[in-house]
2 protein chains.
Amino acid sequence: MKIGVIGGGQLGRMLALAGTPLGMNFAFLDPAPDACAAALGEHLRADYSDPDHLRQLADEVDLVTFEFESVPAETVAFLSQFVPVYPSAESLRIARDRWFEKSLFKDLGIPTPAFANVLDQADLDHAVIEIGLPAVLKTRTLGYDGKGQKVLRKPEDVVGAFAELGSVPCLLEGFVPFSGEVSLVAVRGRDGETRFYPLVHNTHVNGILELSVASSDHPLQALAEDYVGRVLEQLNYVGVLAFEFFEVDGGLKANEIAPRVHNSGHWTIEGAECSQFENHLRAVAGLPLGSTAKVGESAMLNFIGSVPAVDKVVAVADCHLHHYGKAFKAGRKVGHATLRSKDRATLEARIKDVEALIKG
Amino acid sequence: MKIGVIGGGQLGRMLALAGTPLGMNFAFLDPAPDACAAALGEHLRADYSDPDHLRQLADEVDLVTFEFESVPAETVAFLSQFVPVYPSAESLRIARDRWFEKSLFKDLGIPTPAFANVLDQADLDHAVIEIGLPAVLKTRTLGYDGKGQKVLRKPEDVVGAFAELGSVPCLLEGFVPFSGEVSLVAVRGRDGETRFYPLVHNTHVNGILELSVASSDHPLQALAEDYVGRVLEQLNYVGVLAFEFFEVDGGLKANEIAPRVHNSGHWTIEGAECSQFENHLRAVAGLPLGSTAKVGESAMLNFIGSVPAVDKVVAVADCHLHHYGKAFKAGRKVGHATLRSKDRATLEARIKDVEALIKG
């Protein structure tokens, strides 16, 4: 089976590493000459809206999937004429737009921070009165790793904020006094079978994920599964979906979903029976899903900007390096380490070991 | 770091799957147009003794390693002029010739079946008198998966046997009434650090490995490590080496070594903290070695001739499919499954599940 992937970054790379042992081949559509997934499959180097290359991709592969959600809607629509596309165009349409996304959560009874659609500065001024400050103004689409966001703390911050974010459709979200950020990675097969990984506790720094720790018997696991299950069913979703929540007052408020394999699920490569990458491929290929059970106690640390010396990283006990083969650049995710330890105390010590390497 | 691999079959493929997350790139020299490792790296499609392509390989990579031991000695010598080659030419010279290999074992005090060098029919006749029947006549080089062997049971079998195996240098080995076949996979770094995986119990059918089961606290582990350690040190070996033994009367008799990653170590991908493939790459690259400790209870079943339906294989609990992407052909290793279970009883049940699929 040949899988077409829109995007050829590290998520595509890890999909190929998981799918090759299943007998799958890969083609990546990515305009970047140095797309790091290209080492593991065919590289169609073209723009995401180039009809000739999209047609070529559709002709070559058995199905198409994505490694990022901001694929143009027209791309998905075009491909869908010729080849199955998972997750569906509708799932992508919702997930890539914060307004559609939050509105879906609301419709499904999933608690969210207060939010309002902001199409101009007047909308923003009105929304601030309604929601109050502090609040966060976010572009509805194309935001990632904290980009496309502005925190509004004082009335002066509101002035001109809409223009500052590019005068594009935005969402204003009320500030949530959260005690933690957690994500649930789920997978749903073509037949509707659904499985959930354990809740992961995430630490972000400057909007970029730094550390994910997989939980054991998290008291909010069942509630999170309930919320995520509602979304999966409503979208008739196929593939892996990650759902980020704020922990607030012992409950959960929905932040956002990613309709793809997700950074907070990278620990599953070593830390779960079947990784998010293999389970995504199993789901889109119509294969039975794999076990989402944990193996040991796991955490993931991102390498941002650069990967510490490889000999130092692999010398850390319980440590598994994932180097993305990308050029180092400040703020760029260029690798990660998974730690899989026999108990929580050992895991905590190992996290400190890797953190020390990152700090240099 | 770019690694050159002589051979582009499934061992090369699994080396690349293990090395890519370490940030390594791969080039495979293999004359076969459909070399299955080619999906994961550059494919230099040329004969193993083609000097232009060997030179190109040497120029492109940081070091060269092998996925099979019958590489021509001249190839290794040629490459060694330009680029580090691990394991060394001397290790390959010994390991690929049964006479050199058995003589080394004898020199190091490692018990072996009775053996004699056979360079013509007269040698054979003489050796049969000395060793007795039954015995096995094996070509000194190029044998694998039971090929290049003839069992001699009766005096009539001896007549013309040397010519039957092609009138090439052979070894006669006394038949050993073994109770089991075990292998020890070991890894030795450039700095001499050595680690051993748990002993594996192997079941062969018609000379082809069918099932490997990793042991726990095997009573012969320490003895096997002693024997293998002697060979590693004597050869100043770098990389993974597999050592096959017969279990005889509660002790071990040396059968053969393979100077490479080995089929009986495939279970380590899921069943050990660091796989034989990653550890081989760490060793040849001069990186610290990874843990050889087990994760759960593991076994490996080869798929010979064909891979059962993928949906059926991945539906088996605890099962991890490794499809080599090779054309199906009788007697050919085209994939394997690793089972990693929480206890031995579960593992035994899962082995039966996969065996049922293989039998169709």
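Backbone N, Cα and C atoms are what each Cβ position is placed from, and that goes for glycine too.
Owing to the predicted nature of the structure, the values given are computational and were not obtained by experimental measurement.
As annotated by TrEMBL, ATP binding site applies to A:Arg98, A:Lys138, A:143-149, A:173-176, A:Glu181, A:His204, A:255-256. Taking a C-beta cut-off of under 8 angstroms and a sequence separation of 6 or more, A:Lys147 (ATP binding site) has the following same-chain neighbours: A:Gly207.
What TrEMBL records for A:102-285 is domain 'ATP-grasp'.
When pLDDT values are averaged over the domain 'ATP-grasp' (A:102-285), the model yields 95. Around the Cβ of A:Asn255 (ATP binding site), a 10 Å sphere holds 21 further Cβ atoms from the protein chains shown. Taking the Cβ of A:Val176 (ATP binding site) as reference, residues of its chain lying under 8 Å away and at least six apart in sequence are, in sequence order, A:Pro113, A:Phe246, A:Val248, A:Lys253. Residue density at A:Glu173 (ATP binding site): 23 other Cβ atoms are found within 10 A of its Cβ, drawing on all protein chains shown. In this structure, A:Asn255 (ATP binding site) is part of a beta strand by DSSP.
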